[in-house]
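Listed in TrEMBL:
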DOMAIN    82-356  domain 'G-protein coupled receptors family 3 profile'
TRANSMEM  82-102  transmembrane segment
TRANSMEM  122-142  transmembrane segment
TRANSMEM  148-167  transmembrane segment
TRANSMEM  188-215  transmembrane segment
TRANSMEM  246-267  transmembrane segment
TRANSMEM  279-301  transmembrane segment
TRANSMEM  321-343  transmembrane segment
Amino acid sequence: MQWRAGDPSLPASVCSVPCRMGERKKIVKGVPCCWHCERCEGYHFQASEFSCELCPYEQRPDANRTGCQNIPIIKLEWHSPWAVIPVFISMLGIITTTFVIVTFVRYNETPIVRASGREMSYVLLTGIFLCYAITFLMIAAPDVGVCSFRRIFLGLGMCFSYAALLTKTNRIHRIFEQGKKSVSAPRFISPASQLVITFSLISMQLLGVFVWFAVDPPHTFVDYGEQRTQDPAAARGVLKCDISDLSLICSLGYSILLMVTCTVYAIKTRGVPETFNEAKPIGFTMYTTCIIWLAFIPIFFGTAQSAERMYIQTTTLTISLSLSASVSLGMLYMPKVYVIIFHPEQNIPKRKRSFKAIVTAATMSSKLQKGGDRPNGEVKTELCESMETNTSSTKTTYVSYSNHAI
């Protein structure tokens, strides 16, 4: 017999061929001896000749799809580009902050350091240092110890910084509000009082962290859902600390509340003469910081469904903390360090002013700003009357401005 096609081989006399590995037999309806080969797709493997089964959640099919194997576990590595940039910024910030602290300690008794409020400055610089240092904890391999320190220090650096700034701005506000009513200084403006207020605010953050420890002890887990791609070969489990987005917001929420409150006080004290305090630099610091965190929120939560979520969120959070610290360091302390090192001739005691003189100057400045919409004569008359009243007063209480350094 000769076949028309000229092929000498005999045609197959079976209705179905054997299935390959990773394929199951699907019987043809009405023809028991015939079947179709159907590949096990997705996270399924060939469990038997006629069935595919789903691998356990933490596993994926092997290369032949005849069994399951564990999904590889990953974490943020130090050599990753997502980690290199935050670490570089953090290292630069830590070096700069250390330099500022050393400079302040060395020139601790000079007028510029004294006028900046030494005690509060060291508290604020500690907070700035912690904001930079948290980057290393966020990138370190998660374990119970690292997770514990993350919980403690994640919001603590911001809390130190903004508790100190809030206490400063509140003090400025109270001094000049009190000055409109009386020449006597308000209560709780001494360095010791300011430290008590600041650490009282910080203790609230620590109390919240300890409650968090009691309710939900720190631990690690592997998140297999974050990078569970359609292709099982690309699936990865992500080793994480058990800190949810809600827990993160609660941890940072108190510090953000301090930041917003400090911004409100910065707005209230924006009319105070900059000759006498740091109200304006603090104001610029808070406005810039608010912009940074307003940009952080949509980036952080907008990537919740991304396969790169761990990398994007960690990088965004650490860079936001470092930028916030850099703004405070650059606007509040670098100008002082510049004068101390390069222009020591300017680091001399200023002329002492009475508390009443300081407040009078602030009041006059405020009235001049408000007089833009009034007739010139009305503003002039009001200022002259105020000056006459202050001049005719027989009671003069002098408070050295150097003792009320902001």
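Note that Cβ sites are derived from N, Cα and C of the backbone, with glycine treated the same way.
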Apart from its near flanks, which chain residues at least 6 from the ends of the transmembrane segment (321-343) lie with a Cβ under 8 angstroms of it?
86, 89-90, 93, 96-97, 99-100, 103-104, 107, 110, 112-113, 116, 121, 124-125, 127-129, 131-132, 134-135, 157-158, 161, 165, 278, 281-282, 284-285, 288-289, 292-293
Of the listed stretches (82-102, 246-267, 279-301), which one yields the highest count of Cβ-Cβ distances below 8 Å with the transmembrane segment (122-142)?
82-102
Tertiary contacts of the transmembrane segment (148-167) (same chain, 6+ residues out, Cβ under 8 Å):
120, 123-124, 126-134, 137-138, 194, 197-199, 201-202, 205-206, 209, 212-213, 218, 241, 243, 248, 251-252, 254-256, 258-259, 261-262, 265, 282, 285-286, 321, 324-325, 328
Intrachain neighbours beyond the transmembrane segment (279-301), with Cβ under 8 angstroms and 6 or more residues off its ends:
165, 168-169, 172, 245, 256, 259-260, 262-263, 266-267, 269-270, 272, 312-313, 316-317, 320, 323-324, 327-328, 331-332, 335, 406
